[in-house]
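Right, one structure below, let's go through it.
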C-alpha cells in the first residue's frame, strides 16, 4: 500500500462563484482523497488533499481545469507532511 501524501493547493483565475468548491469535494470523494477546500478573500481557492500519491495527483490534475464554468489561470502546489485527515469538507470562507 502506498504511503499517503499531502498537497496544499492554491488555484487562481475565475474560480469563485463557479461551483469550484463543491465540484472539488465531489472529485476528492471519487478519488478517495481526504482534506478540505475553501474560498480565499483574494479570489483564489485553497485546498488540502491527503491520500495515495496517484489519487492526489489525479485531483491536482483535475484542479488545472476545474468545473466547466471555471477558468484556471494559476495553480500552486506545496507538498507537506500528511496529518492523517479522514474525510473531505468544504470550509466556510
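Cβ coordinates are placed from backbone N, Cα and C, and glycine is handled just like the others.
The shown structure was predicted, so the numbers you read here are calculated from the model rather than taken from an experiment.
What Swiss-Prot lists as active site is 21 (among others). Other Cβ atoms within 10 Å of the Cβ of residue 21 (active site) number 22 in total over all chains.
Under DSSP, residue 39 (active site) is assigned to a strand (E or B) in the three-state scheme. Taken from Swiss-Prot, the feature active site applies to 39 (among others).
Sequence annotations record features per position, and here Swiss-Prot assigns domain 'Acylphosphatase-like' to 6-92.
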Three-state composition of the domain 'Acylphosphatase-like' (6-92), taking helix and strand from DSSP:
23 helix, 35 strand, 29 coil
What are the sequence-distant neighbours of residue 39 (active site), meaning same chain, six or more residues apart, C-beta distance under 8 angstroms?
16, 21, 45, 46, 93
